[in-house]
Amino acid sequence: MARVDLQNVTKDWGTAVAVDDISLDLKDGEFVAVLGPSGCGKSTTLFMLAGIYAPSSGDIRFDGARVNDVEARDRNVGIVFQSYALYPNMTVLQNILFPLRFKKVPRTDAEREAREIARLVQIENLLDRRPGQLSGGQQQRVALARALVKKPNLLLLDEPLSNLDATLRLSMRAEIRRIQRELGVTTILVTHDQIEATTMADRIICMNAGRVEQIGTPTDLYRAPETTFVAAFIGSPPINLIDARLAGDTLEIGDKRLRATGAGADHGGPVKLGLRPEHIREAEAGSATAGLAATITASEPMGRETLYTADTPIGSLHFLEATSMPRLAPGAKLSLTFDGDDSLVFDAATTRLMHGVCAHV
Amino acid sequence: MTAIDWNRLATRARRGRRVRSGLLLAFLTLVSLPVILPFFWVVVISVSARTGGVEAAVLWKACAVLVPCVLAYAGVHTFIASVRARIIAGLLLGGLCLIGLYVLIGADLHLNNYRFLVNPNLIEDIRGAATIGGQFPWVWEAFGNSLLVAITSMTLKVIVATLAGYYLSRFAFRGRSFFLQSLLLLEVFHPWMLTIPIFLVIFWVGLLNTLSGPILVLTVIDLPFYIFIMKGFFDAVPWDIEMSAMTDGATRRQAFRHVVLPQVRGGIIAISVLGFIKGWEEYVFVTALRTGNSYWVMSTYLYYVAEDVMGVDYGLVAAVSVFYMLPSLLLYLFLQKYLTQLTLGGVKG
């Protein structure tokens, strides 16, 4: 269990930069998710922490001590690979014992520890099998047991759930979280699945093209995404992002003008307006503000709620209604509105959130 | 709509399946005949021929018993579905076969042709002490030398090919692709084309007339191909597993030994078998790299038994052939499943 710091870490292979100047610090026992699309450098970051890749520049510290030059085998880091990477020539028990073999743990102690950890991840009845005879979920548990048996400073999970079917994924999510809390091990989960990240992690590091876009709690990332990338990546169905122009206290979208607050009178330029589908609703009849005249073009029942697509003066918008039965048919006309506090305005040039700036219908 | 007669359709399908498998069996038996017959004949000669002549009659009599038995067993397989009944029929036919053989040719069988195994001075006993300077050895000496050549060159080949294959599969270094291409290029030239230069090299380094000569030459000739095979097997082992072992506290060498190597076991066994047999059956280089009778191996022993010494004692020649054949045959029989993996690993390379 350790505190982990990355300071200005960069990894490049010649001209290809995989990880570009990232800094983050993990508290002892924290569960952090690294979230991003494939190729954003999240696995590279993981492998640098494990000691498989050496950073091109920057420092990696465990409990304040620089470990850049410490070999992978000496870092005492547990990894669960996406493929699980179990040793096919060994039984489950031998797989779990493998890390202890190099720590010179006496055989009887090692077996006891291995059985203990096997009980924790509930595979004690599979110890004599070979990995080839196990299902995906069982292999996952074995990989987890093998990573945990050495009491790692740091547990790294590389897309651990992506090879499981949907129901199993749900239960393993809770399971991994339970085990992590029980052992209090500092954990980094790498994933491209936002649900996995938001449900499991204390904090999320959202990465894109080798850079950190935002670090924060799942709520932070959802409520106040720092960049359009984070706004678009977090949330399902995805946020509506509309090209607009800010001019003092008005927001121009095509011919339509919305009222803007929070921006200086002299402030202007191209911006993007972000509206989450669940924040758009039908305007109450006879309310003071006019709302956006909308025509429904598609409705998709999603189980608990319904996702509508509507044509409005500010473009095509997705919005959600918490009804399981679609209420509106394509072609239906209605008036849409949203609360100004829920709207997000991003600077189009820097893609960054303009704090305090809101749009009102 | 007329009712469909499912029973009739099922009967027809069953009959069709049986006829097809019967035809297949007959076809396979037929095409394997030319392969099996010579071997069978050699075995028959070795246990029946007496000095000076070959009794073709023994072969025909043996065939007269075996052919009906094999045909009958094929018939049993085609027309009887129960596995139990098949086994019983097989045992019965086997018994019948043995009895038939005993009655027809039992009196002709003898092991006299195998006397070379126990008689150290076979040739002298037959021809007198002067034969090729009295240097013709006991068969076990040639056997030992052949074993030495086969096992030593096999071991060298396996060690070098495994390590080189791993390195080529895992490490990027300057000239890697050139190296791989030249490995393939070497396969274009038949090694026999190189006999004279190889002879000169071996002569200059002073290994002429020693077993080290053929051992080294055989090793080097096969290496490119074996390296390529092993590279293919290593390519099929995922990187993750190695990385995992290294984060589990293993050094790269320990990861290689405990985790990677066990997964290319099939490839190692396959090239071991091939390498052993190549050394075991080698004739060209063991002959070319000696100028007198400085060493004997099984192939040269067989050659002299057939050509120089015996003239027409086919019984003895056949017996030596059978003895020479046995190790390769046993290896193939027990390890053929690894040899079939070879294509798999090779294609991936």
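Quick reminder: no glycine exception, Cβ is built from N, Cα and C everywhere.
What TrEMBL lists as domain 'ABC transmembrane type-1' is B:143-335. Taken from TrEMBL, the feature transmembrane segment applies to B:21-46, B:58-80, B:87-105, B:147-168, B:189-207, B:213-234, B:255-277, B:316-335.
Long-range contacts of the transmembrane segment (B:147-168) within the same chain: residues 176, 179-180, 211, 214-216, 218-219, 222-223, 226-234, 256, 260-261, 264, 268, 271-272, 275-280, 282, 286, 297, each at least 6 residues beyond the stretch ends and with a Cβ under 8 Å from a Cβ of the stretch. Against the transmembrane segment (B:213-234), stretch B:189-207 shows more Cβ pairs under 8 Å than any other of B:58-80, B:87-105, B:189-207, B:316-335.
Listed as Cβ neighbours of the transmembrane segment (B:87-105) (distance under 8 Å, sequence separation of 6 or more from its ends, same chain) are residues 48, 58, 61-62, 64-66, 69, 72-73, 76, 80. Listed by sequence, the residues of this chain that lie at least six past the ends of the transmembrane segment (B:58-80) yet keep a Cβ under 8 A from its Cβ atoms are 18-19, 21-22, 25-26, 29, 40-41, 44-45, 48, 86, 89-90, 93-94, 96-97, 100-101, 104-105, 108.
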